[in-house]
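A.B. asks: Sharing a structure here in C-alpha cells format.
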C-alpha cells in the first residue's frame, strides 16, 4: 500500500497529472460514495501523455479546478419527528387544531373509486363528513363530500356546519368504504340536480308555503260544504307541522283566514257557464262614494254661503285649495243647491 502510493506520488512529481494523484489523496475507503456524489470522471480527467502539461501554469490550473474537499451535507440524513401537537397548543386544544398533513397521492391513486381531497373539503374525522360520525353506520349517504383515504379523527373541518348527524358508531374499514361509495353517489346526484335546476332557471320561489297550498288544493278538490276548508286546515294540524304562513298567532288573522276559507267554497261552487246563477253575485260597476273630509266640507259650506254660484275661475281656485277636482266642486255645489231648494220647500208649504 505504501509502495503503491509512493509510486503514484513519484509519477505525479514527474509531471504526469492524472486521476492517480487524486485517488491517492482521497483514499480507497470512499470510492463508492464519491463516485455516487460526483459522478464518473469526465473526458478531461483521463490520463494525458507526458510532456503535455509540464509547465507550472498548467499544474496550477489543474489544482485550482480539482477541489475535492469533503463538504458537510446541508440537511442531515435523519429528520427529527415533528410533534403532532405543540406543547403550547396542548393546553388549549379547544381553540387550536393541530396541522394534519394530507395523505400521500399513491394511496389515493391505488383506489380508483376515490379522488384526491381538496383543501376545502372536511376530513373524515369531522362529523359533517361522510366518513366520520355522519357516515359511521355505513348505510345512510353522507351530507358532506366524499373524503379521501382515512385520516386522523381530530382533523380540521374548515368551519363547515355539520348537517343531519347520525348516531356515532365505530367506523371500520368496510363501513368507511361503503359510506364513501354511497356519499360519492349522493354527491353526484346532488350535483346533477343542481345543474338541472340552474338550467331550468327560476321556476318559482324556493321557500313557499307548501302546507298552505296543499290545504287549498284539498279544499278545492274535495270541499263541497262551507266547512270543508276548515276541516282540511284543522284536520292535519295535529300530525303535520304548522303552516309556514301562520307565523303570527294573532286571533284577528285566524278569523280572517276562516272567513276566506268559508267564502272560497261558495265561490268555487258557482258555475261560470250559468249566467242565471252569476247575476246574483255580480259586482256593481258603479264607483263608490268618496265622502269629503270635514275640512273640505267646512270650506265648501263657507264658499256656498258667500256665493251660491261659482265662476269657472273661482271653481278651479277652490278645487286647488281643497285638493279636489273641478268636477267634484261643481257637483258639490249642484247638490248643495238642490238640498237648499228642498229645505225651502219644506219650510214654506203651498197652502201658505
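Heads up, the Cβ atoms here are built off N, Cα and C, so glycines get one too.
Remember, predicted model here, so these are calculated numbers, not experimental data.
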A.B. asks: If you look at how Swiss-Prot annotates this chain, which of 229-276, 277-324 comes out as region 'Disordered'?
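C.D. replies: It is 229-276 that Swiss-Prot annotates as region 'Disordered'.
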A.B. asks: Where DSSP helix means H, G or I and strand means E or B, what are the helix, strand and coil counts for the DNA-binding region (285-344)?
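C.D. replies: The breakdown for the DNA-binding region (285-344) reads 42 helix, 0 strand, 18 coil.
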